[in-house]
Amino acid sequence: MTEREERRFAEVPRESIKLMAESTGVELSEEVAALLAEDVCYRLREATQNSSQFMRHAKRRKLSVEDFNRALRWSNTETVCGYGAQDALPFRPLKEGELFFVEDREINLVELALATNIPKGCAETMVRVHVSYLDGKGNLEPQGTVPTAVQSLSEDLLKYYQQITRAILGEDPHLMKVALLDLQSNSKIAALLPYFVYVISGVKSVSHDLDQLNRLLHMVKSLVQNPYLYLGSYVRSLVSSVMYCILEPLAASINPLNDHWTLRDYAALLLSHIFWTHGDLVSGLYHQILLSLQKVLSDPVRPLCSHYGAVVGLHALGWKAVERVLYPHLPAYWANLQAVLDDYSVSNAQVKADGHKVYGAILVAVERLLKMKALSLTLAAGGGSADLPGTTTGAVGFRENSPGLSPPPEPLSEPPLGIASHLQAGGAGCQWEEWTPVSLPAMYCELYSFFGDSLAVRFSTDPPLGGAPSSRSCQPLEGRKEPASGAPNLENTRKMPQLTASMNISPRQDGSPRMEPQPPSLAATVSGRSLARSSSSSSSVSRSRSSSSRPGRSTSQSRDIFPKARFPLPQAGPPAFSFIIGGRQMGRRCQGRRFQTSFTPTPPLNTLPPRAYAHKLPVIGRVSKPVRRWTCSHYSLHLPL
Amino acid sequence: MAAVQDGQMELDAEKETKPEILSDGTSNLSGNTASGTLSSSPLTAAPAGGAPKMEDQQTLIAVLQFLKRNKLTDSVEILRREAGLGEDQEDSQATDGSGGGKGDVDGGDANSLLSRVSITSAAAPQSMPVKRADDQPDVSVVLSAYSQQGDPSLYQVYYSGLKNFIESVLDCHRAELSQLFYPLFVHMYLELVYNNHENEAKAFFEKFSGDQECYYQDDLRVLCGLTKKEHLKGNEVLLDFRTSRFVLRISRDSYQLLKRHLQERHNNQIWNIIQEHLYIDIFDGMPRSKSQIDSMSGSLAGEGRRELNKAKVFHGLLKEPEIEVPLDDEDDEAENEEGKPKKKKTKKDSLGSKSKKQDPNAPQQNRIPLPELKDSDKLDKIMYMKESTKRIRLGPENLPSICFYTLLNAYQGLTAVDFTDDSSLLAGGFADSTVRVWSVTPKKLRKVKSAADLNMIDKESDDVLERIMDEKTASESKILYGHSGPVYGVSFSPDRNYLLSSSEDGTVRLWSLLTFTCLVGYKGHNYPVWDTQFSPFGYYFVSGGHDRVARLWATDHYQPLRIFAGHLADVTCTCTRFHPNSNYVATGSTDRTIRLWDVLNGNCVRIFTGHKGPIHSLAFSPNGKFLASGSTDGRVLLWDIGHGLMIGELKGHTDTIYSLKFSRDGEILASGSMDNTVRLWNSMKAFDEVETDDFTATTGHIHLPDNSQELLLGTYHSKSTPVTHLHFTRRNLLLAAGAYNSQ
């Protein structure tokens, strides 16, 4: 008890008093020191008690030197100066002798005065207001958490959610299938949609795991296909996840053994699926996506797998996207790709293999572009609107003619391209503003200059056959993988089941998605524009080149062989110019091409000089590496059938 | 019906006030009968009429002596004439030298004391500031009571003898008699110390200090450091413990028991102490239980005396005479205002359950002269009406939303916050002596143009009030420099034109919010001023400080109109609040009591005891019937002003409660504390459950239900921001303010 009471207060021992007295030159007797010590203790206590009052009113918990000094001042005592520092001063013992002291660093005033790192004044005192508790309830939801809808989930739904995600992301493929099927058809999971979208947005965290990515993409597909779900704004999140899989240089693609190509193909397929089934929801996204694809494509720093993704993505968005983005980019991109493909060093082998993938993808894309363009023109002509030149009418005509394949929405709802023009970054000389529909022959010429006979589409310049029905117009279209073993010359063998299959199974890919905007169709100026364009390097060179390389071919000969497609060319008068589209002439064994496409060039093009990079083309585009090209293209594109 | 005030009312206000004060002062000095109950014989429950007369005379004589000493001969003459004292009387008293306690007033205050101040409570003369060097003789007089001494070694025997006796009595009496322990202990200890028996004192302290109630720990800590007679002189806490009698409330039975015991034992030492230093308030009836006693004790000077709380308090609200008139005009102009005044009326009625006519508990409309309403005030009232119709009706199911105004980067230390009534401005007082004003609406703060520019203004234009403002000075906040110490209190005037701030430098400053300059520095407090507040009608304000008095001021007087003295010990009026009808002022103090003062005559009309720590926040309910108080012990106590009773105890906070506020309709009480929380309490339920039958009303023995948890409606945490201030907007949105504390 006694000791406890004693310890309540710090005591100043009389020795300290004596020492302090000595330091000022006063000698104290023992008694005086004892009395003084006691009094000092008491006064200190009193001052401390008084100072607590100041602390309390300053609404602090910590007694400060200031408070103590105030208490001293108000009791008419001298204040203690020099201890106002915010941080505690260390109280240290001296090793030799029982001496304790407050460590007091010396401060170099000169240094302080000339210091360059002048401390900035502390920030302005300010008032900030926030609603802490609304109606007595806290807004507890921190940012970035699952939407509140999930919190109101019933027990059963939560269980369902857990089971489904576990099944889909788990190991058992059978379970996964069941789960996906249920996800596709369950009509009661609307409340869980945000949760699933949240899970899917986790693609970014599993970019090393192809399997998981695949599963997540399947989940997207199931959600998209579920007829009971209204995706609403969540579709954006889904699209961004899919785009991630298409475009990003995934961590999994570092290892060449990983087949991330298939994943990209599948994601692209999914993208087109979303655009075709939920076009109304994603209309605003179309141009953003085109833009991002274009950005990737025009960025040479990006790895080839990203470029591949961009190409398949464009391909998935339809031939118009290819025409508008990929096609104008091709000349610029070609040089880079060429450099990759021409490098035969061992170290480059992997990159080169990737390059061939891209090459194959581009090939597939442009082939479809050519086919669809030709088809649209044919349909336009065959649909009784021959007097209407231009591609736009062709596109519309195509849609009108194939209502069963993809019921097109009212074409008027398509946003005009002008809206998107501001989105366009000035990449590789492809300005939306400048974009004009290139005539099919010009396009073909140019593409041919790149790909040579790898192009499985052939055009001839024969005049339209009188008896050619519009239904036959699909015949010129031909999948490049189609075995050409049959007699290619025979017209009836050209009625290939694959062809029709391709039309039937993947009709959406053949046209543009619903939301594809119409090009600024300026029917009156098309001819003039294209003529003006002929002075630009790419088209003019290709045309001149093609004309110069095959001067001897007669149009009639090719017309006999491939009398398939014909269309009126706007600038050449009604039947003046037509191509023969031919199938791939190489067999599986790849002996090389057997047929060459010939056409009559337009007279003015003859005078143009040959194109600079045309000389390189035989290296990749022609006979030199047919085998490789074939094998590449064989699995390069997982066709979205 | 509406008592429209005369045009010259305001002009007359000063004239009216002064004579009042004078007469008050004299009446108090001459006949301090009502409250002067310092009976010389504590045995009698009700003091005899003659005793206080005598006491008063002594007081008067003391004052006369003081005046003489200061050569204020005129005053002496006047006082003598008025009091009817003969010179011989005075002289005899002077030579006698044992005049109880002599008031000693600062030279500067002497005049004001005589001319305006009313010394009210019985203890007033003794408890005036005793700080001058020349009050040493008085102190020795006070202490000399201890000089009669017995054998110091027997003190322990006496005390333990009494302890044994009390522990052996029946349970019902034990709790009551246990109240004796603490005051006896303190006085015996002090006697030992005074008589230089240091060792005995220490031993005594060690032996019995453990028996005392835990809520006396703070005092015991002070006591225990005190072991020398010399120390006694300087220690104001103990001085006041000595000069004021510790009040005990004991039933007659218990008291008889104690008396018999002490007489049997001839225990004169204790008997003397009881007679001289304790005041035993004897009541008839059942002894109180332990919990009843505990809830009321804890104050430095024991419980408040019952008869002190008997005075009639006009706690009703004033009628608002002016309001209907302009609002009716408004109705004529705009139809959509129809019905609003009625609505307002009914609302008010439901609140206070008052009749529509005149609240019987309300004071006379002109009991305190109030400033006349200006046109701008009327407009503001109308705004208030409109807002209040949109007010959200709060209740246990409908809790208010809370907006937190966090002051960031307040490294200099935020000490006080206030909002204007319409929640458009926020003022902060800081430890670096600055006052900062923020606009919390998009409207920026602007100064008035300079005098030269003002001359060029077309004074006849309609928007002259807008034209006088200087757009160049528009800013979100303004800083007011002028104090030379931490600013402990800020308060906006109701019309938002003025701001008051009180500071450690002993001054209260009045700032103009039009020019953002200091208008007046009110000097009167000699020590730090802890708090200040404007009257709800403006013009008057009250301040309370370290010098143990609260002062009532008017903005156009540089000296206080009233001095409310009576808080004990080293008392600091930590918080001061005006009653909604402006007729009363409540002060809380570190002596753990709350006092309610009558503004009219300066009397202390209520003493509330029960807090166990210094009181830091007070709030009147909007209907004026109840008072809430919060202290450092983290408890909120609710008081019924009319009956003078404690009616509720709200436990929950873990640290000092710095802010209390009733919602506009009084249904919710919000408390903000140092523990970073805001708590909402169901005050309606707390008030409704009070059983105020006649018995409890007369005896004051309330049995408190322990229902804090039921009454607590919600606890709301801030991240690391102590809640310094709370405010309900006119629509019942709760605003809280505090400085973010990064440590």
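Just so you know, glycine gets a Cβ as well, placed from its N, Cα and C.
A TrEMBL annotation is a machine prediction, not a hand-curated record.
What TrEMBL annotates here:
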{"type": "REGION", "residues": "B:1-51", "note": "region 'Disordered'"}
{"type": "COMPBIAS", "residues": "B:12-21", "note": "compositional bias 'Basic and acidic residues'"}
{"type": "COMPBIAS", "residues": "B:24-43", "note": "compositional bias 'Polar residues'"}
{"type": "REGION", "residues": "B:83-107", "note": "region 'Disordered'"}
{"type": "DOMAIN", "residues": "B:150-278", "note": "domain 'TFIID subunit TAF5 NTD2'"}
{"type": "COMPBIAS", "residues": "B:324-336", "note": "compositional bias 'Acidic residues'"}
{"type": "REGION", "residues": "B:324-373", "note": "region 'Disordered'"}
{"type": "COMPBIAS", "residues": "B:348-359", "note": "compositional bias 'Basic and acidic residues'"}
{"type": "REPEAT", "residues": "B:407-448", "note": "repeat 'WD'"}
{"type": "REPEAT", "residues": "B:480-513", "note": "repeat 'WD'"}
{"type": "REPEAT", "residues": "B:522-553", "note": "repeat 'WD'"}
{"type": "REPEAT", "residues": "B:578-607", "note": "repeat 'WD'"}
{"type": "REPEAT", "residues": "B:608-641", "note": "repeat 'WD'"}
{"type": "REPEAT", "residues": "B:650-682", "note": "repeat 'WD'"}
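Outside the repeat 'WD' (B:650-682) by six or more residues, the chain places 347, 351, 388, 391, 393-396, 399-400, 402, 613, 616-623, 628-632, 634-638, 708, 710-728, 730, 732, 734, 736, 738 with a CB less than 8 A from a CB of the stretch.
Between the repeat 'WD' (B:407-448) and the listed ranges B:480-513, B:522-553, B:608-641, the one holding the most Cβ pairs under 8 Å is B:480-513. Outside the repeat 'WD' (B:608-641), and at least 6 residues removed from its termini, the chain residues within Cβ reach (under 8 Å) are 215, 218, 295-299, 302-304, 313, 315-317, 351-352, 354, 361, 572, 574-581, 586-590, 592-596, 647-666, 669, 671, 673, 675, 681, 683, 686-687, 690, 692. Counting residue by residue with DSSP, the repeat 'WD' (B:480-513) contains 0 helix, 19 strand, 15 coil. Here the repeat 'WD' (B:480-513) has Cβ contacts under 8 Å with residues 374, 376-377, 380, 413, 415-422, 424-425, 427-437, 445, 519-534, 536-538, 541, 543, 545, 553, 555 of the same chain, all six or more residues outside its ends. Assigned with DSSP, the residues of the repeat 'WD' (B:650-682) fall into helix, strand and coil as follows: 0 helix, 20 strand, 13 coil. Across the repeat 'WD' (B:578-607), the model assigns an average pLDDT of 87. Mapped onto DSSP classes, the domain 'TFIID subunit TAF5 NTD2' (B:150-278) shows 102 helix, 7 strand, 20 coil.
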